[in-house]
């Protein structure tokens with residue numbers, strides 16, 4: 001073989017090798033032959049996939065939020081006038097809540113707070129205030145709103161109604177009172193508001209009352225005396241007998257502990273988060289979370305920025321709330337965690353949870369963090385419905401053997417001084433018509 005022929009053969013062999021290498025490179029570069037690593041990446045669910053999964057869950061499981069302050073928003077903005085376009089609920093309201101966003105958020109049930117503020121200090125517990133009147137007005141406006149938008153909302157007074165309303169495509173609507181001051185510290189008024197449809201009472205708001213100590217008192221550096229004895233105990237007992245949910249949001253840590261010792265039915269926290277994650281006194285300590293699990297109750301996680309991130313509220317975001325959900329699930333179990341956003345009760349909300357339309361995004365993040373479909377179903381609604389059903393069952397049993405509780409606060413005044421001398425209306429009588437002790441008993 002000549003030197004030239006030998007050179008040509010060598011070139012052909014080299015060219016063949018090069019073509020083989022290029023062919024391999026082409027095959028490796030083609031989409032059909034992805035590496036195991038790239039295949040795994042392609043199989044990883046995206047955020048959109050979790051959101052679709054969340055939407056599917058909320059299509060078949062009612063999302064029930066424990067606390068929304070829309071009624072107070074209405075009171076402050078329109079003085080409870082809702083007709084003639086004053087509250088265009090079907091359109092976008094300036095707050096966090098309206099019908100359009102509730103539907104977008106897949107809300108299946110809502111506890112509407114018929115909140116009225118604590119009396120300004122230093123009003124004594126038994127001083128006459130307008131709290132009960134204002135509470136009745138808030139019950140009235142909320143029920144009128146539900147009736148006005150009855151195509152979309154349905155008033156409910158029990159857990160079965162909530163499920164029926166959801167199956168009919170309506171948003172089940174319930175009432176909650178935020179503080180014992182709203183019933184005038186009276187067990188008689190407790191029974192009356194139950195008759196009007198209220199189904200939970202927060203034991204205190206940001207003030208002590210005849211029943212218990214508020215967390216705000218402890219925040220001010222005063223002692224945590226817990227549940228007031230004996231009247232606070234009688235209050236809890238009567239709520240259990242009625243079937244009224246006992247709500248421990250806003251109360252002091254010792255009030256939480258004392259109540260859990262005497263409660264005969266599961267309790268709720270309508271809008272509180274985990275103290276171990278953010279050490280704000282509005283949140284629930286781990287020892288209490290464990291007792292809630294024993295009690296078969298539920299803690300409904302709130303979204304308020306300064307509660308979920310006490311050190312840096314501006315940094316609070318949707319993942320911060322997920323942290324609270326998972327902590328409560330870890331300590332108490334997935335059977336004892338729920339959602340209570342506190343929309344329209346605050347102006348400071350985490351990034352990603354700006355209004356009621358954002359619930360599916362929260363559920364998507366919970367799924368992305370590793371929660372199962374069954375765990376999410378418990379979180380969004382099954383837990384609070386289980387608790388409510390159990391409270392109703394226990395109440396029926398207690399009502400067979402117990403009469404309405406006639407206890408009263410030992411510091412209460414049973415008469416009030418008259419504004420004028422009633423005897424002056426009856427001058428000339430030989431015997432005064434009214435004695436000084438009875439002057440305040442007449443309401444002419």
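Sequential numbering from 1, following the chain as shown.
Yeah, the Cβs are placed from backbone N, Cα and C, and that goes for glycine too.
Among the features that Swiss-Prot reports, signal peptide is placed at 1-34, with the record citing sequence analysis.
Close to residue 69 (Zn(2+) 1 binding site) in the fold, though at least 6 residues off in sequence, lie 113, 115, 342, 343, 344, 345, each with a CB less than 8 Å from its CB. Per Swiss-Prot, the feature Zn(2+) 1 binding site maps to 67, 69, 178; the stated evidence is sequence analysis.
Same-chain residues at least 6 positions away in sequence with a Cβ under 8 Å from that of residue 207 (disulfide bond) are, in sequence order, 118, 119, 121, 179, 181, 214, 216, 217. Residues annotated as disulfide bond in Swiss-Prot: 118-207.
A coil conformation is recorded for residue 250 (Zn(2+) 2 binding site) in the three-state DSSP classification, outside any helix or strand. Feature annotation from Swiss-Prot assigns Zn(2+) 2 binding site to 178, 250, 271.
The substrate binding site annotation in Swiss-Prot covers 205, 282, 342. Non-local contacts of residue 282 (substrate binding site) by the CB criterion (under 8 A, 6+ apart in sequence, same chain) comprise 215, 249, 250, 272, 273, 302, 304, 307. Classification of residue 282 (substrate binding site) by DSSP places it in coil, neither helical nor stranded.
According to Swiss-Prot, the N-linked glycosylation site annotation covers 413. Its own atom aside, the Cβ of residue 413 (N-linked glycosylation site) has 12 Cβ atoms within 10 angstroms in the protein chains shown. In the three-state DSSP assignment, the secondary structure recorded for residue 413 (N-linked glycosylation site) is coil.
Cβ atoms within 8 Å of the centroid of the Cβ atoms of 67, 69, 178 (the Zn(2+) 1 site) belong to the same-chain residues 68, 72, 111, 113, 115, 176, 202, 270, 271, 342, 345, site residues excluded. Here residue 67 (Zn(2+) 1 binding site) is positioned 33 angstrom away from residue 413 (N-linked glycosylation site), judged by their C-alpha atoms. For residue 118 (disulfide bond), the number of other Cβ atoms no farther than 10 Å from its own Cβ, over all displayed protein chains, is 20.
Here is what falls inside 10 Å of the CA of residue 271 (Zn(2+) 2 binding site) among the binding-site residues 67, 178, 205: 67. Fewest other C-beta atoms within 10 Å: among the binding-site residues 178, 342, that description fits 342. For the binding-site residues 67, 205, 250, 271, the largest tally of other C-beta atoms within 10 A is found at 271.
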